[in-house]
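Down below is the structure, laid out as structure tokens.
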């Protein structure tokens, strides 16, 4: 190791191109990788003396060749390689040195091959001098005494194919060599050029012994080279895998060396994976991987083993360890398949195909577990090679015929042809230049042609005018003179010379001629062309020169420059008309303006035109001067300002005049930011930002930034860098930088998006003051103010170095050399905790100032400071001291925004003046300019903006109450006049907003409260002498629960609500509450039926506070003077009002009435058979008065309400006691029902309460009885008193009703509950109103005409007065029929062919309908001509297969085979399939013309009927899917009476349809309630009708023997699948065992069901057995006797 001597293998690899050429000449193909593998790893194992570094010794080559060419056990894949080696040795190329041509490079141990018996030529002197030991630090250990070399090698070697002598040394020592040079006379072998860890140090001590080995470690240079020259194992495992595989066979590493290689070349994770895979590949005794731990540890130890490498066993174990380690390397190198990485490998524009293939195969090896050189992977590699090649090569390869037969070499060869035939860059440029010139010539020719046509038209028109005006006398056309020759194309008409025209003739005199299309005036430009007005505009980033054409209506482009829209325009030109397209919107940039415009695309136009449309949009002006026409337009930039609506008032604010005296600037020069620069708080430690637990770095890529924006924020970034606020860094955190354009200027400011950082930083409690009550601590006596605004406040606080990497962002400035990340050294803006951190730091710094200056009041809101003092002197002194303190602390104040020692200042959006706060005119102007909203979001924005001013608006909540419902997105937005009035009233109230006094915390407060329409309104006041000054106007809407309370309780809720808001202004001072109710008595003795204990406790904690006192109602309550909608309530006593408003009925009792019957109600709900069953019942103690089951899923509470409601209805006009064991129903009737009704049946969350409909029904039914008492009784009692017994019976009746199918009310004496007006005179007779309602319901289901509907009603058993007029009225008022029915016209009655019985004669037709569900577009209609029965089937297609399928699957099984089928000549009916089916079935298929009434009138009329019915149903239901409505249309068609008064149903089935039976679906009922109730009644009727037929099935069966078979019987067993001509039964079989349902027989393993058996017929036996008694008691004698008769 470390020498530079070349070896045969390295020589061939260095000159591989020559080697491959020689192989090509030999008609073989070789690969570089296999060449190296065979030479260094494979052939040295043959035992013929082949060294790993190769040799040109012919004897060794021939020995390897014999093994390779063996018939059995040979290596055909190695044949090309050994043949090339032989050719190189026999005909050496020039780069083979002379010594290598005859040298035998082999070790003494490796010369035992077939060539060992041949005398070798004496070695020549070495080319290089002998080298001493290369280890620089220490000498190698002393060698043992060298033994004399053997005199001669063995005479005879083993024959080819014969195994070498087992006594010969094997293992790693077989190929080791010494590093020291040997003398030329030494016959032991040539010197090796490779340093090995295990090296032979001499001949073996014994003739057949092992060569002693000595350990030499790897050099650091080799390890460094291997580490640096190979990619990492994770990136490319093939590199290190090949390296270690070669090292294992060439360098003889020991166990320690292997560990050293693993430690240096691999990472910890890679090393563990390799060792794990290696231990999985340890082979057992059977040659397969073993799982035994002892064998694994023995073959592949993880700890250093005690192996002796000078013994055969040690060398064998080392060899096994190396092989296992290589197997582990290969196993760990397997990667999951990632074909996406393979598809990313594309051929470069100038990349040769062979290089691209090599890269592609390398990608396969790296990203897939496949070997691309394997035969099975060639197809995939070939497809990838074709698909990922360059476009021209890919196009060529895809066109090859028989592509599947091409190998990779063939594809590369074809690709090389295309690659080498490519045109060069110069050729491509030349070709493109010629094509451009050709296009230019064609365009010029077209333009010349068009101009020629135009001039010809103009000249001809002028000539015609001349002929009409000046040549009237001579209208004949002039002919040329006789003999005058015609002129050539380039001949002059004046001098007859060629090469010029007459106007350019030099011999012609300069005579001024009249010019065509020009004016004759003095001083004109003559024949020179006028300057054309042209402008250059940037369209989609491309500058284009336009010709200004005011005569053109539209602007024109010659090329679309992008997508073309669908719009087209016909253009009339001189050569005719043509259609041209329009472009989509294109972006134009004109100066600082940007507009979008659509252009007309006319490729034939000579130049782009700027028409009147774009000139108007640009407001262009065209000026004509001596220099030529000039086009100008308004170039003022359009600015867009985006801001929040609540900040819009700042646009209307007048700029605060700078009233700073220059003396202030001179006295404190270090505090003003304009002079002193950026500040730095010198007493605040650096801020440390704490992360959340588990937070990991996040890196958000920088968003793309325009050049303009980058240039705009560059000065700011550079300024921060110069000030040290920004510093370069390298951080795993990164957040994007956003350039924000400042309104009104082109300046940008950098804003960092710190949202991801804010998510990962711990939250701290915000201590920033609330601006709502900040001014409450300002005494009204302080009327002199100073306002200071700190400049760059957050940047005054330093950021701890450990926290700075969190706020890194990416910034590139090539001009300044800044590329990478920057971060903040100060507290950044946009960080969520910055306001709190700065507010706390500034508050701590200013604490000494507050303590030393009690004469002034200092208010701080983050970086806004307010100094208030009672006098100017105090204010000035306090302001000076504050400025001095701020300068000392390191803060900076903005001189532009400072307001010093003034009586009127603006602070936090308020105007402070004379101890009061006012709304600024800017805020009022903002609200006044808001237009009426059109969306819920705009309503919320208006209420939010106006809500900021609600302290100045009396009763703001009342004014805004109509607008609150419009803020919800879930309801439709409808702006009505009521909303507009509320909108205007809020604006008007804002204009008259008064001044509010600042709260004086030294005085008590008075709160006047009033409640109107669910809104709490109040005024917070303080006394000033004899007057009360308002501090704030308060108003708030009550929650839905409190809104439903009585007036007195709503007043309590209003006081509690407003008192909480007033506490924000009073800061816990004493408050006196004045209202128009005796609130204190209500709060101290609250009612127990209106509010929960939690709510009452909350109210008591607020109102029964020692600082809250209640005063008697005042004569004049300022709160009641607020605008109200009704008069004030009269004077009352709250306790009486609450008692009156508690119940729903004053005489409702909760104790039984004496001498009154008692009913017991109960509801039951339970789960049976996985379903929740429910029922309700009423009993009177002896019998059931009413019982019914309820819909599935009904709760027990709902069932109780239903039972109680039904009892109240049945007791209408009576005196009754009703008992219920439900607390829910009892409380609803007595207490909660009234409360629910008052607050709109809403919960505290504003949602509908449960069982809303049942509660409303109960509240209405309570008033029906004459006198009623609803009593609560305990449930499930075991006593014998009447109440307990009645309750138990009611409970049992409810449970039975729940299990039954009865779902309708069942009354004992219904006649007692019917009013006299409702008593029917005859059974079945209806009142006119009920009759009309019945007809309407029937018409809604059928939509029949008046005649058919009248026939249908007459078939019922109902008697309806004025039936005909009612039918005509109902049908004439039907909107769906009016919109669908056609106008009837008189026609003569025709005749049609009909069948003589049902199912004989059918007519069939297709009709097209609009697309419906599942893609159905057609309707296949069959109609029986005899009965009129119709069948209709939705279909997707109109084909013969569909017709045949419906005939076979629908018509034949149900109606039989028809004799005649009639249809038109449609393709589906005349097809061979349809006619063939008719022939096979014997159907006479009659074809006729379409729409012929005599032949197909019945089916055509039915098509119309079905379509009309579907249309009516769709109009009524609003549904669009006609497929779902088709069954209802068929119901109408099948139950419509015909001309004989019979419906198709009656003709076909011989009876009326179920819907016409009395009491059916349409039958009237005393309680004619909703549709669901009617359908349930119909279900009961149907169940009653069919019960008699099916009840026999449900009777319990008789106890009988299930089958007659007994043990010992002979039975026959049925075959499951009898074959052709095979009996159905098999057997007989003997019965062995029986069960009630199955039988076990002899000969069949499985049990046989009794239904598959029958008794076998009796037969005469041919033999019998007899039992005879024997003498021995334990013996029996059985005798067989032949039956002679059976023979």
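A Cβ is built for glycine as well, from the same backbone N, Cα and C atoms used for every other residue.
Residues 1180, 1200, 1291 are recorded by Swiss-Prot as Mg(2+) 2 binders, and the candidate that the same record lists for that site, out of 1215, 1221, 1281, is 1221. The Mg(2+) 1 site in Swiss-Prot is built from 863, 864 plus one of 753, 763, 789, 792, namely 789. When Swiss-Prot is compared with the stretches 132-135, 140-143, 160-163, 164-167, the one noted as motif 'PPXY motif' is 140-143. Checking Swiss-Prot for zinc finger across the ranges 490-507, 508-525, 526-543 points to 490-507. Taken together, the residues in the domain 'Integrase catalytic' (1394-1552) have a mean pLDDT of 86 on the 0 to 100 scale.
Within the compositional bias 'Basic and acidic residues' (420-451), the DSSP-based counts of helix, strand and coil residues read 28 helix, 0 strand, 4 coil.
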